[in-house]
Amino acid sequence: MADPCVAIADTGGLDPAPAVELLTGEGFDVRVLGTSEPGRIAAGAPAAVALIVHDTAVDAALLDRLPALRLVVSMSDDAPVDAAAAERRGLWVARLPQGREVDQVAHHALALALAQLRRLARDHGDHRRPRDLTLGLVGMSKVATRFAELARPLFGRIVGVDPYARAWPPGVDRLDLGALLPACDVVSLHTPLTSETAGMIDAGAIARMRRGAILVNIARHGLVDRKDVLTALHTGRLAGLASGHTPAADRHAHELCPLRSHPAVLISPSAPAKPVHYTRDRVLRLARNVLAWRDRGIPLDPVVRSDSESPLVSA
């Protein structure tokens, strides 16, 4: 009988070696695919019983192409995993705890927003006080919720949009995107990158924003249309862009991009630092979720519960 297969689609730049070593030693056939493309995942591990992802969009179409799949383990709070589709198919979905990372990234987003306001005051005499401004959050992820907590004492009003959020944080007015964009002085993106959200900040969206608004994007670079944002910066429609670090795995990482040299753009030189032991522990926890599912029938960090027992549970 062939060893059960675990597919590692993408890891957000983290070294998957510790997870590979642990799972291989436990009798799994581990395929490190290094891709978020559904076709390559299905071709590279068609018999996978477990799938580990970071940014990969796990939707109904991909699940249909992996008929043996029983478990999806996500590294990221923002990973676009279709929980409803997984639940309908009787699959487990696990997601690693985000606590310390969430706090770091939220502080980072706030620092970028405030740095843009300081730049406008220094370079253009535009002395905007945060208490007179409205902050808008697109996507109420854990990072966005923590960002709202940190920003509440500083900004006059905080609004948010997320059609899929069940819980809603206090102190954040819930709007739809059409109402949020013209209401905000600072717009911060915290939504997963999916076919629905790709290029969502384009010329049309920018035209609905307040003139002179600041855009903060520490989520996925593909959420914005780079040419449209560059045009808006040149014309003054946008006053500034603050962007997160571009990981080496990003397809734009090695491209020449005029945004990087525009004077109104602030780009993090690196991602928020994480200790080596922290990243190794997170990679190992991916593998331990798979082992817990195999041995006990339930992963360590479940977010979607399956009623079906793992076919690999030890007797």
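Glycine too: its Cβ is placed from the backbone N, Cα and C atoms.
Unlike curated records, TrEMBL annotations are generated automatically.
Since we're looking at a predicted model, the values are computed, not measured.
Annotated domain 'D-isomer specific 2-hydroxyacid dehydrogenase catalytic' per TrEMBL: 17-289, in sequence order.
When DSSP labels each residue, the domain 'D-isomer specific 2-hydroxyacid dehydrogenase NAD-binding' (123-269) comes out as 45 helix, 32 strand, 70 coil, counted as helix, strand and coil in that order. Taken from TrEMBL, the feature domain 'D-isomer specific 2-hydroxyacid dehydrogenase NAD-binding' covers 123-269.
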### Task
Average the per-residue pLDDT over the domain 'D-isomer specific 2-hydroxyacid dehydrogenase NAD-binding' (123-269) and send me the rounded value.
89
